[in-house]
């Protein structure tokens with residue numbers, strides 16, 4: 001920790017204890033601060049509930065909302081290709097001889113680069129956050145904007161590779177948020193962050209409708225204008241990130257010295273130790289690679305990503321194949337994602353209040369599976385286009401909610417920051433292979449019902465619900481074994497010197 005941080009902490013303790021406290025009292029209080037976890041520190045009066053709420057509000061307002069804005073821009077820049085396709089991109093970039101799979105290759109190129117560079121998530125532990133965020137956001141903003149001048153599909157594919165590399169560096173934000181928030185607060189903050197994705201998709205569809213409407217008779221092709229208008233704001237946001245994003249609570253300019261101390265206290269002993277040390281413990285990374293909890297989370301992420309990655313980029317075409325015009329399809333693609341945005345926030349709030357992940361994940365995975373099953377059976381059941389459109393709502397809200405909670409659950413159930421980072425990278429490496437399947441689920445030959453793709457997503461989301469229940473049973477067993485070991489090692493679970501065992505969140 002820097003001398004500046006130590007001085008600030010010392011000043012906070014003086015304020016807490018009073019200037020006349022003797023050395024023994026200072027030492028005892030310092031030890032108490034270090035040993036207690038956040039809620040216990042609150043109970044012992046080291047800070048008040050009002051102070052904690054004030055710190056949390058400031059972090060939400062200044063940090064969480066800003067990184068959510070950045071994620072909205074990133075998801076906008078990766079998924080607006082579906083709107084661009086409907087706005088004329090396909091015809092303008094087609095090569096001779098014609099290839100019908102160029103669009104799928106453009107989607108694949110992004111995810112090949114994105115998955116291949118997932119190891120960049122560990123840079124959040126090694127590189128100052130304000131530097132990392134600024135560099136990757138400016139980089140993806142430039143790549144996204146340059147798509148507007150692509151003369152052919154091969155050039156667009158190359159730009160999608162660069163976009164994937166840059167956005168991979170930003171994928172570790174949920175891990176970064178764990179430096180600022182407790183385990184029982186993380187899902188809602190992750191939800192605010194991830195919910196920017198459906199909001200971005202909703203915004204992209206609405207903006208695409210407006211751009212196509214205004215640019216139809218202009219000098220610039222509507223799809224080119226769309227890439228430019230939606231890509232360049234990322235460059236400006238990346239420049240702003242240099243001064244807005246803090247590296248830790250101790251460098252947040254909007255927190256007073258006392259608030260920085262409270263921010264540290266509420267994270268507890270484990271986080272205090274981690275904040276004082278940089279680097280990566282190889283033994284922790286090896287332990288994560290052998291941890292079935294990390295692998296089950298990665299499997300759930302893989303399955304949910306099949307839907308998460310595919311529907312946002314294919315929905316405008318799917319809606320158009322329901323019998324709507326291109327312009328109407330752009331507009332009708334927005335409401336399902338706006339609905340998902342609201343559901344994700346509500347679900348994560350309830351999950352944090354319950355301190356539980358399994359039940360919300362299972363419920364939303366099943367709801368999404370039902371929505372996809374209805375879409376898969378639409379032709380056989382003779383469902384009207386309006387009913388098919390309504391089935392998109394639970395499907396979309398379900399997989400967005402599942403992705404949010406699986407990310408938070410994975411981070412919750414690793415004992416320190418190195419293991420959290422390693423688990424996050426493993427989850428991303430495995431989970432982001434899901435899009436390789438997802439983006440191949442809706443070939444034009446399957447129009448207008450795309451039954452095979454809908455069936456695949458229904459099975460994937462049902463499997464997520466099953467895996468969540470299996471993981472819960474496994475975590476219950478691990479918690480019981482940890483409690484039994486604690487009792488046998490210390491003679492009593494209430495022994496004062498015993499460190500509490502790590503408890504897995506269910």
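Backbone N, Cα and C define each Cβ position, glycine as well.
Database features (TrEMBL):
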- 63-82: transmembrane segment (TRANSMEM)
- 102-124: transmembrane segment (TRANSMEM)
- 131-150: transmembrane segment (TRANSMEM)
- 156-180: transmembrane segment (TRANSMEM)
- 192-211: transmembrane segment (TRANSMEM)
- 223-245: transmembrane segment (TRANSMEM)
- 285-307: transmembrane segment (TRANSMEM)
- 327-347: transmembrane segment (TRANSMEM)
- 359-378: transmembrane segment (TRANSMEM)
- 390-411: transmembrane segment (TRANSMEM)
- 423-441: transmembrane segment (TRANSMEM)
- 453-475: transmembrane segment (TRANSMEM)
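Within its own chain, the transmembrane segment (390-411) is flanked in space by residues 174-175, 178, 186-187, 190-191, 194-195, 197-198, 294, 297-298, 300-301, 304-305, 307-308, 311, 315, 318, 335-337, 339-341, 343-344, 347-348, 351, 357, 360-361, 364-372, 374-375, 378, 383, 420, 423-424, 427, 457, 461, 464, 505, which lie at least six positions past its ends and keep a Cβ under 8 Å from the stretch. The transmembrane segment (156-180) makes contact with the transmembrane segment (63-82), as judged by at least three Cβ pairs under 8 Å among residues 6 or more apart in sequence. Between the transmembrane segment (423-441) and the transmembrane segment (102-124), the number of CB pairs under 8 angstroms, six or more residues apart, is three or more, so the stretches are in contact. Highest Cβ pair count under 8 Å relative to the transmembrane segment (285-307), across stretches 102-124, 131-150, 327-347, 453-475: 453-475.
Cβ atoms under 8 Å from those of the transmembrane segment (327-347) belong to residues 83, 86-87, 188, 191-192, 194-195, 198-199, 201-203, 205-206, 208-209, 212-213, 312, 315-317, 319-320, 360, 364, 389, 392-393, 396-397, 400-401, 404-405 of the same chain, restricted to positions at least 6 beyond its ends.
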